[in-house]
Amino acid sequence: MAASFSVPSMIMEEEGRFEAEVAEVQAWWNSERFKLTRRPYTAKDVVSLRGSLRQSYASNDLAKKLWRTLKTHQANGTASRTFGALDPVQVTMMAKHLDTIYVSGWQCSSTHTSTNEPGPDLADYPYDTVPNKVEHLFFAQQYHDRKQREARMSMSREERAKTPYIDYLKPIIADGDTGFGGTTATVKLCKLFVERGAAGVHIEDQSSVTKKCGHMAGKVLVAVSEHINRLVAARLQFDVMGVETILVARTDAVAATLIQTNVDKRDHQFILGATNPNLRGKSLAGALAEAMAAGKTGAELQALEDQWISMAQLKTFSECVTDAIMNTNATENEKRRKLDEWMNHSSYEKCISNEQGREIAEKLGLKNLFWDWDLPRTREGFYRFKGSVMAAIVRGWAFAPHADLIWMETSSPDLVECTTFAKGMKSIHPETMLAYNLSPSFNWDASGMSDKQMEEFIPRIARLGFCWQFITLAGFHADALVVDTFARDYARRGMLAYVERIQREERNNGVDTLAHQKWSGANYYDRYLKTVQGGISSTAAMGKGVTEEQFKESWTREGAVNLGEEGNVVVAKSRM
C-alpha cells in the first residue's frame with residue numbers, strides 16, 4: 001500500500017503567497033479605477049503569469065497621474081490638449097503649458113526609427129521605434145526634473161518663492177499602431193512601453209499587414225473580435241506588470257473601405273455586396289486574374305475593376321433590403337410597415353448577422369434577394385466595407401469595456417460627426433472618455449470655420465466628452481517652419497537674422513534655452529564635481545570665463561556695442 005503524500009511546508013507557503021497575491025489583484029480590480037473594465041480572464045491567470053520578483057515602474061506613477069488628469073477634465077467638460085513631441089527640447093517647453101505629452105508613430109517613422117531609415121507612416125519600422133522615443137523623452141523629463149530640484153534647493157526661500165515651479169513629469173501617451181502583429185507581439189510591445197516610460201498607449205483596428213496613416217487611403221480593418229483581442233492582450237500585460245497604464249482604442253472605421261474578414265457578425269451590417277444578378281458567378285478577383293493572364297496591366301486592370309464595381313451596384317445588405325421593399329408593388333402603407341419592421345429587427349445596436357438578416361428578409365416576402373459579399377472581394381481577399389460614423393460607433397461600443405478611452409479617426413474637423421459619435425457612445429457607455437485627433441492632415445482653412453470657431457473647437461468638443469485632444473504632428477510642423485524660415489533669412493542676412501529671429505525672441509519670451517548651457521544642465525553637473533571634490537572644482541563648466549555670463553547682464557540694443565570710426569568694436573562703458 002502506497003504511503004500517503006504529506007505536503008511539505010514550503011509548498012503550503014508557496015500556495016499561501018500565491019493566493020494572497022491573487023486576492024491583492026482582485027482587490028485592485030475592484031477599485032474605482034477599473035469599475036468600467038471587463039476582463040475575460042481571472043486574477044489567478046494574471047498572478048500565474050508573473051514571476052516571483054515583484055517590480056515597480058516609474059511609468060505607473062505617471063499613469064495614475066494621467067488617469068486623474070483625464071477624469072478631472074471629463075468631470076469639468078474640459079480637455080487635456082497636447083501635441084506630438086519630437087525631442088527633449090520640445091518636451092521641456094511643452095511642460096510649462098500642457099498637462100500631457102504625445103508621441104506620434106508618424107513622427108517617429110519619418111524622423112527617428114530604430115534603424116535610422118525614414119519613411120511614411122506604414123508601421124513598417126522596428127517595433128521598438130516608438131518605445132525608444134518614449135524613453136528618450138522620459139529620460140529627458142526625469143533629468144530636467146532633477147536639474148530643477150538642484151537649482152531650487154540652491155536658492156533661498158525668497159528666491160524660490162519668486163521662481164515658478166515647472167512640472168516636467170507630464171504623462172506620455174504613445175502610438176502603439178496596430179500592436180505590431182499577433183497577440184504575443186502586442187504583449188511584448190506593451191511591456192516595452194511600460195518599461196520605457198509611457199503612461200498611456202493607443203492601439204488601432206487596422207490590419208497590421210496593410211496599416212496606413214489614418215489620413216491615407218486603402219485602409220483595411222480587422223474584425224471587431226480581433227481588435228478586442230489586441231486590447232485584451234494589452235490589458236493583460238499591464239495587469240501582469242501591476243500597472244494602470246491608460247489604454248486608448250482607436251477605430252479607423254469612418255474612412256475604411258476594406259475589411260479582412262466577415263467572421264464577426266458585428267461587422268456584417270457594414271460589408272458591401274454585389275446586387276446585380278448578371279454578375280452571379282463572375283467575381284472581381286476572377287475577372288482580374290483572367291485579364292492579367294491575357295497580358296493586361298496597370299491602367300487596363302484599373303479600368304476593368306472600375307467597370308466591374310460600377311456594374312455590381314454595391315450595397316450593404318440593409319440597403320439591398322430597403323430598396324427591394326420600396327420596389328415592390330405593395331401599397332405605400334404596406335411598404336412603410338415592412339420598412340419599420342425591418343429597421344426594428346436590424347437596428348445597429350442589435351448587430352444581427354447576415355444569416356439572421358436573410359431570415360428576416362424572407363419573412364417580409366423577399367425570398368429571391370440577390371446580394372453577394374464574396375463577388376466584390378479584392379485580389380488580396382478583402383471584403384468591401386462601407387465606412388461611416390455609425391460603423392465607428394458600433395466598434396466603439398464593442399471596444400469600450402476593454403479600453404479607457406475611445407478615439408474615432410476622422411477625415412475632417414466636423415462638429416456634426418463629433419456630436420453624432422459622442423451621443424452614440426454615451427447611449428450605451430455614458431462614462432467612457434473620448435479622444436480626438438486635431439490632425440494637421442486637415443486643411444483647417446478649408447474647413448469652413450472662422451478663426452473664432454477654430455479657437456472654440458477644442459472647448460466645444462470637450463463639452464461633448466472628448467477629454468483628450470492632440471495635434472499628432474505639431475512638433476514636426478513647428479520644427480520645419482522655424483528652421484525653414486530661419487535658414488532662408490540666415491542665408492540672406494547672416495547673424496542679424498539669428499539675433500532678431502532667435503536670440504531676442506528667446507529673451508523677450510523668457511525661453512530658457514537662451515542660456516543653453518544652464519538648460520543642458522552644466523550647473524547640475526558642476527554640483528556633482530564640487531560634491532565629489534569637497535565643495536570646490538577648478539574645472540567647473542560654469543566657472544569664471546563661461547560666455548553665458550553675458551546673458552545675466554542688462555543689454556540694450558543701443559548700449560551694448562557700437563562701432564568706432566575705424567570699424568572696430570567698442571565695448572560700452574557699462575561692460576568695461
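Any Cβ shown, glycine's included, is placed from N, Cα and C.
According to Swiss-Prot, the protein has these features:
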type: ACT_SITE; residues: CYS213; note: active site, proton acceptor
type: BINDING; residues: SER104, GLY105, TRP106, GLY214, HIS215, ARG250, ASN437, LEU438, SER439, PRO440, SER441, THR472; note: substrate binding site
type: BINDING; residues: ASP175; note: Mg(2+) binding site
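Structure coloured by features recorded in Swiss-Prot.
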residue: SER104; record: substrate binding site; DSSP (3 states): coil
residue: ASP175; record: Mg(2+) binding site; DSSP (3 states): strand
residue: ASN437; record: substrate binding site; DSSP (3 states): strand
Cβ neighbours within the same chain of SER104 (substrate binding site) - under 8 Å, at least six residues apart:
GLY84, ASP175, THR472, LEU473, GLY475, PHE476
When the number of other CB atoms within 10 A of each residue's CB is tallied over all shown chains, which of the binding-site residues ASP175, SER441 has the maximum?
ASP175
Of these binding-site residues, ASN437, SER439, which scores lowest on Cβ atoms within 10 Å?
SER439
Local Cβ density at TRP106 (substrate binding site) - other Cβ atoms counted within 10 Å:
23
